[in-house]
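S.K.: Take a look at the following structure, please.
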Amino acid sequence: MGIAAEAPFHVLAVDDSLIDRMLIERLLKTSSFHVTAVDSGSKALKLLGLVEDEQINEEPPSIALEAHQDVEVNLIITDYCMPEMTGYDLLRKIKESRSLKDIPVVIMSSENVPSRINRCLEDGADEFFLKPVQLSDVNKLRPHLLKSKVKDEEDQQIHDKGINETEVIAPDKTIPKNIVTKNG
Amino acid sequence: MDTNHSRRQLAAMKQSLFDQGLLDEQFIQLEELQDDANPNFVEEIVTLHYRDSSRLISSIEQALKERNLDFNKLDTLMHQFKGSSSSIGAKKVKAECNLFREYCRAGNAEGCMRSFQQLKKEHAALRKKLEAYFQVSRV
């Protein structure tokens with residue numbers, strides 16, 4: 001009897017440069033990650049199941065609609081300088097999303113701008129890599145993925161515990177705070 | 001077919017490119033990513049780079065013909081060009097890109113044109129040498 005083989009971690013890579021997409025894909029695959037590479041932030045959000053309000057109706061965009069996430073992504077690695085939506089914009093949208101905020105995000109940039117790096121790290125990026133990205137950089141990803149996996153498992157345990165306990169429904173039918181729901 | 005000869009020739013060619021300051025460490029990184037499953041990775045990515053960079057050169061050329069230079073646009077194009085060059089380890093070309101961008105930021109049209117001419121030369125020279133390199137690697 002063997003231990004069930006774990007599925008490799010799935011990394012979503014975002015970069016408008018074809019060369020850099022090819023490079024990051026090779027780096028990630030060499031490190032045994034499963035990779036999906038897209039060329040824009042909006043394509044990344046679409047894949048993650050996050051659809052912007054403005055794409056559906058004419059009203060001014062407010063909150064992004066949280067659609068069901070069809071594809072499981074364990075880490076997002078994105079270029080900073082991209083037209084339309086920068087890597088920073090993408091980072092913010094992910095961190096503002098209830099369903100996506102716990103996915104580790106890594107930013108890449110060819111420019112060494114300390115204020116830019118600090119801002120990304122302060123606003124939720126787990127790492128900032130200077131381009132060209134090296135294998136030694138990619139090796140730094142696994143701890144973030146493992147930490148995220150542990151957190152997922154903890155959340156799942158809390159969730160399961162909540163289901164098993166007798167539900168206490170308040171008179172106004174709200175769900176008590178100690179039951180944590182995850183991802184709908 | 002003397003593969004030992006071509007292997008030595010290849011090593012010598014590569015060393016020469018390094019000695020001349022045309023390639024940097026990133027080229028070695030690319031080679032390390034090449035394996036039996038991806039035996040032509042370096043040549044593939046370099047080929048893509050030249051397709052990409054040729055397009056960018058045309059765009060920059062066009063932009064430099066405008067009566068009033070749009071330095072922001074030029075800088076953005078050159079940023080892309082530099083990134084692509086950097087990813088394959090094109091050391092000297094990358095240095096020329098930096099120079100061009102400095103001229104952009106200074107709003108120096110003449111400087112931009114001059115450095116662009118130099119950049120095109122370096123770009124073409126490296127391309128030729130890499131083509132020769134890959135030709136030998138296929139023997």
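Note: Cβ is positioned from N, Cα and C throughout, glycine not excepted.
Sharing the features that TrEMBL gives for it:
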- B:38-133: domain 'HPt' (DOMAIN)
- B:His79: phosphohistidine (MOD_RES)
S.K.: Using DSSP, what's the helix, strand and coil tally for the domain 'HPt' (B:38-133)?
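M.R.: Secondary-structure composition of the domain 'HPt' (B:38-133): 83 helix, 1 strand, 12 coil.
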S.K.: Quick one: mean pLDDT on the domain 'HPt' (B:38-133)?
M.R.: 96
